[in-house]
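What TrEMBL records for this protein:
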- K8, M9, Q10, L11, R12, R177, L178, G179, H180, G181, K182, G183, F184, Y185: ATP binding site (BINDING)
- L54, E60: substrate binding site (BINDING)
- 135-149: compositional bias 'Basic and acidic residues' (COMPBIAS)
- 135-156: region 'Disordered' (REGION)
Amino acid sequence: MAGLRAAKMQLRSLVKQKLSQLPEDSINQQSVVATQALLSLPEYQRANRVGIYLSMPKNELSTRDIVTHAIAHDKQVFVPYLYKINSQDRSKPVSVMDMVSLHSKSDFEGLDRDAWGIPSVAEDSIVGRERVLDIPDTEDGGHERESHNKNGSTKTEEGILDMIIMPGVAFDKGLARLGHGKGFYDVFLERYHFAKVAPMPFLVGLALEAQLLPEDQSIPTDASDWQLDALVIGNGMTIRRRKSMG
């Protein structure tokens, strides 16, 4: 496990160094191309409820135009929301991710930016938003729910997502994804898989060309890492794991 963490950290550092040297014009151009490729995916066009990451101001593809397009086309958009839960060590709350609804384009444009410059949903606005996950806010509560699910159906179809558009530091052609190291998306997907009766959302990553590893390289992964269904790259290419159904 220590070796896997070290390998991920090393790869993450190398890719971030490459990204720091990318001209802003190149990122902007690739964002336009990748956005058009994403919008052309049949899974996106059919989706009614889409989870979308909100992009940092630099070093990754922008999702701004995807968010505004989805809202304009009457899709329900959900964005990340980070909050703390009690861990088994009650003195050390841990941060986890949920996805919460946006109300409108003006709601999106009015979001404040966090310390990393990412537009973020304010805590005091959460009560008025739909949340994708409705799981007790302690690990013990989650385990109790798991036991209950095995003995009687308590899963819910509320909060189903058709697609999630995911960020990452690096990707490979086998559709493995390397995140920033906090595990927010992998833990969210595991909790979603546990809580929902519907199929998993279609998982699509967005990558700058510099974030896609060469053919002979792959991202080190373990069982906790979720694989993508498709990867859209800043040159307009899309890599798919499985064909579109329907």
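Note: Cβ is positioned from N, Cα and C throughout, glycine not excepted.
The number of other Cβ atoms within 10 Å of the Cβ belonging to R12 (ATP binding site), over all protein chains shown, comes to 18. You'll find the Cα of K8 (ATP binding site) roughly 18 Å from the Cα of E60 (substrate binding site). Neighbour counts were taken at the CB atom with a 10 A radius for the binding-site residues K8, K182; the maximum falls on K8.
When Cβ atoms from all protein chains are considered, those within 10 Å of F184 (ATP binding site) total 18, not counting its own. Listed in sequence order, T63, V67, V79, P80, L111, I118, P119, S120 are the same-chain residues at least 6 apart in sequence whose CB falls under 8 Å from the CB of L54 (substrate binding site). Of the residues the record lists as binding ATP, namely K8, M9, Q10, L11, R12, R177, L178, G179, H180, G181, K182, G183, F184, Y185, the two whose Cα atoms sit farthest apart are 20 Å from each other. Note on E60 (substrate binding site): other Cβ atoms within 10 Å of its Cβ, all shown chains, come to 22. Rounded to the nearest whole angstrom, the C-alpha distance between L178 (ATP binding site) and E60 (substrate binding site) is 13. Residue environment of Q10 (ATP binding site) contains 11 other Cβ atoms, counted within 10 Å of its Cβ in all protein chains.
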